[in-house]
Amino acid sequence: MSQTLAPRATSPEGNGSEKALRVGQRSLLRRFLSRPEVGSLIGAVVVFSVFFAVAEPFRQASSFSTVLYASSMIGLMAIAVALLMIGGEFDLSAGVAVITSAITAGMFSYQLSTNVWVGAAVALLVSVGIGFVNGLLLIRTRVPSFLITLSMFLMLQGINVAVTKLITGGVATQNISNMDGFDSARLVFASEFDIAGFNLRATVIWWLVFAAVATWVLMRTRVGNWIYAVGGNRESARAVGVPVHKVKVGLFMTVGFMAWFVGMHMLFKFNTVQSGEGVGNELLYIMAAVVGGCLLTGGYGTVIGAVIGAFIYGMTKQGIVYAGWDNNWVMFFVGAMLLTAVLVNSWVRTQANKR
Amino acid sequence: MSAMTTHTDPPRPREPEGSDPIVELRGVGKSFGNVRALSGIDLKVGTGEVTCILGDNGAGKSTLIKIIAGLHGSTEGEYRVDGKPVRFSSPREALDHGIATVYQDLAIVQLMPVWRNFFLGSELSTGFGPLRRLDIGRMRAICDQELQKMGIDLPSIDMPVQNLSGGQKQVLAIARAIYFGARVLILDEPTAALGVKQSGVVLKYVNAARDAGLGVVFITHNPHHAYMVGDHFVVIKLGEVEFDAPRSELSLEDLTHHMAGGAELDALEHELERGQLPTVDPLHDSTPGWT
Ligand SMILES: Nc1ncnc2c1ncn2[C@@H]1O[C@H](COP(=O)(O)OP(=O)(O)OP(=O)(O)O)[C@@H](O)[C@H]1O
Ligand SMILES: [Mg+2]
């Protein structure tokens, strides 16, 4: 705000500094309230306080590490999905794409007896390729991404189960834990460290690293500016020279990359993949992004918000277990939270825009 | 910047004719499916010359400038920049040739802050490699300065554009095009939403751009504005050039006449002079008091 607070000699009406002062007094609170993630931050504090009060185990460091782990499993994908949503698109295939990636890596390595890193590399190509196809179909056909990725979701869901059954005869991929490269891959994707009773998992670190990188890109680079622009107004963005198509395809490929990353975590943590999993997670990713303040219509939101949204989900999921309540309430509470967040976010937005 | 104080400037003795055109259209046409929006358009925009494009609503003015700006490809004809045929596949290419445009719908992103809109698509960066990042300080300073030059004083350049008034948005789009338009400046009804003072500022900028050697394409429905700055006037009707003349062959009355539809206006004037007012039905037959 430095420019607006400085007195202006050139102000036509001669009241520039006066006006700037009036605005300056309000700006701190208003700037805070007009942050997209402010609603989710309040929500996180409330949810944390509730479980801290009612669930005794929730207060221990070891449970907190489990909460963080559960959050990261949704949160990693929520980062990419939030970027995509800010860019104005959805990806309903994101949940099963994680499993597709894990199955590809596991099967490829096992069937061809290669080092698991080779399988991982093939899976990376496949995952980013799926994102590329989603993006390409979108820009070529102009069909809404909801429909394109819904189709992709159904196809991948079918492929996951059908191909696994065709090759292994069962619903899960073969155990790859004694294959070459498994240990180093597990170290990267699924390691755990104990620090003073606190069990820190690799995914939590990666989650925060990716969130930091994504935030940097979004707020501090040209590409970030373009992501907001293509989501906010695609035609305007194109008219001023933003490469709209490249940005959109790139965002879908980013989701593909993240699906690969989470898929590799699952593969190297559990050694084997259940082919029917992943269904429904795509909505949890979107849920985390929306709770974090992303608009469904695009052009608005932050990655930090999506991180907080995923954290709220993790706290709720584990907190209900620690409180000794029936696990079936998890989804009810997540849904109620989403509704509250949407209402609070839109209320805060209108308040902040009022002057 | 020359003073623009009166509406009755004598025609300036400038002779822009003969200079090589920066932008030249030859027989350009554009169809949207079955709709033929433009056909057989010839247009030259020279350095240091203001070309005014005039015409009724739906005549094809915006379509024409969108072709020049690279937003639409033409379906027929030839487009030359500096004498070389070009085919722009995106506005980025036009911008890279120094052709900047103020679109009628302004091409702004409502949810983004003012300064991010100003530099959208042409952001300034600093640093190298992975640390290459937006030069936010410089962009904000330039944006603030350019908007002040245009005489609008916003409470904050961080506010989303949706909170600006219609005129402020228009000034933002104009300031942006003036800042980035290195060679050709295209303005599609830039003064439509502006007050007298801001309109004056815009016209001064059009003049300044011309004096700086830019080619300016200026679309307006206001013949006074057009005549104040124009060197060359093109009237478009139903997608074709109806009239094309340099300033020296034209008075403000002629221009107004052509803009209003020429012969049609004569007929209307004739009718009105004879006192034959068109019969206008009452708006509400049943309203008490109407007889
Ligand atoms: N994208 C499009 N698809 C189909 N038809 C179009 C499209 N854009 C413009 N047209 C048609 O082309 C014709 C010319 O439109 P254009 O916007 O160029 O008019 P204009 O001269 O700028 O009018 P105004 O003064 O109202 O701005 C109109 O008949 C319009 O309906
Ligand atoms: Mg128009």
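Numbers run from 1 along the shown chain.
Just so you know, glycine gets a Cβ as well, placed from its N, Cα and C.
Automatic prediction, not curation, is the source of TrEMBL annotations.
Taken straight from TrEMBL:
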TRANSMEM  A:38-55  transmembrane segment
TRANSMEM  A:67-85  transmembrane segment
TRANSMEM  A:92-110  transmembrane segment
TRANSMEM  A:116-139  transmembrane segment
TRANSMEM  A:204-228  transmembrane segment
TRANSMEM  A:249-268  transmembrane segment
TRANSMEM  A:283-316  transmembrane segment
TRANSMEM  A:328-348  transmembrane segment
Of A:38-55, A:67-85, A:204-228, A:249-268, whichever stretch has the most CB pairs under 8 A to the transmembrane segment (A:116-139): A:249-268
Cβ contacts under 8 Å made by the transmembrane segment (A:328-348) with residues that lie 6+ beyond its boundaries: 33, 36, 38-40, 42-43, 47, 284, 287, 290-291, 293, 309, 312-313, 316-317, 320
Spatial neighbours of the transmembrane segment (A:283-316) far in sequence, C-beta under 8 Å, 6+ residues away: 35-41, 43-44, 47-48, 51, 67-75, 77-79, 81-83, 85-90, 92, 94-95, 207-208, 211, 214-215, 218, 228-233, 330, 333-334, 337-338, 341-342, 345
Leading stretch by Cβ pairs under 8 Å, where the reference is the transmembrane segment (A:204-228) and the options are A:67-85, A:92-110, A:249-268: A:67-85
Other parts of the chain folded back onto the transmembrane segment (A:249-268), taken as Cβ under 8 Å at six or more residues beyond its ends: 73, 76-77, 79-81, 83-84, 87, 89, 91, 94, 97-102, 105-106, 116, 120, 123-124, 126-132, 134-136, 138-139, 176, 182, 185-186, 188-190, 202-203, 206, 210, 223, 227
